[in-house]
Amino acid sequence: MDVLEVTSIIGTIAFSLSGAIVAMEEDYDILGITVLGFITAFGGGVLRNVILDLPMSVFWSQTNLFYVSFGTIFLVYLFPKKFIALKRMEIISDAIGLAAFSIQGALYGLDINTHIGPVIAAAILTGTGGGVIRDLLAGEKPNVLSTEIYGSWSILIAVVIYFFVPTKPLFYMLIICLTVILRSVGLLYNWNLPKATSFVKNELPKMTSQQIIEKEHDY
């Protein structure tokens, strides 16, 4: 198996696991667990294919990965207590899926374009797309849009692959391991990208809704 196949399998297992665990935490039924696990695993790839104008036949040809996803979700459904009890499992599986699919996306980007922009875009879409859809369907804020430096790992992975174009599978396994470690450390120490409000929060006036309405009337 080549690197794309390996990362596809790893990412599919990891994101199917992550989506199924989130669904069970939200008390979804078996259909909801299956749908959320499946969409988490394949949503990013579908977004990438649509935006980069790749044929959807690529998605439907992944029959073996569909079996891998459904098998993973079924295991989670069979042993729910073992997976839900390990909150760390959700974090680790999400980090593994993020890294594996970011690698896959970056390699796809290299295949269709030699510029760094499309490589980064493909890595972000593939690596974070499934997680964004999962969070939205679970009624949560997507990590990549609100907290942590979630999407930054996809960008970093894309840049490393673009400039070094590694050929040895061991290098990609190292990237996945480092991503898991760094994301875990980031959660532990609350690493976040700066927000606009952090620069102006001390300057924002504290006004009630009525005061805001009256101020608008003054204009």
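Here, residue 1 is simply the first one shown, and the rest follow in order.
In case you wondered, yes, glycine gets a Cβ from its N, Cα and C as well.
Noted in TrEMBL for the protein shown:
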DOMAIN    7-79  domain 'Glycine transporter'
DOMAIN    92-164  domain 'Glycine transporter'
TRANSMEM  6-23  transmembrane segment
TRANSMEM  30-47  transmembrane segment
TRANSMEM  59-79  transmembrane segment
TRANSMEM  91-110  transmembrane segment
TRANSMEM  116-137  transmembrane segment
TRANSMEM  149-165  transmembrane segment
TRANSMEM  171-191  transmembrane segment
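Mean model confidence for the domain 'Glycine transporter' (7-79) is a pLDDT of 90. The transmembrane segment (149-165) and the transmembrane segment (59-79) are not in contact, since fewer than 3 Cβ pairs between them lie under 8 Å (pairs 6 or more apart in sequence). Counting residues 6+ beyond its ends, the transmembrane segment (6-23) has Cβ neighbours under 8 Å at 32-42, 44, 62, 65, 68-70, 72-73, 76-77, 83-84, 89-90, 93-94, 96-97, 100-101, 103-104, 107, 130-131, 134-135, 138, 140, 169, 172, 176 in the same chain. Within the domain 'Glycine transporter' (7-79), the DSSP-based counts of helix, strand and coil residues read 61 helix, 0 strand, 12 coil. Contact check: the transmembrane segment (91-110) against the transmembrane segment (59-79) gives fewer than three Cβ pairs closer than 8 Å, residues 6 or more apart, which falls short of the contact criterion. The DSSP breakdown of the domain 'Glycine transporter' (92-164) into helical (H, G, I), extended (E, B) and coil residues amounts to 62 helix, 0 strand, 11 coil.
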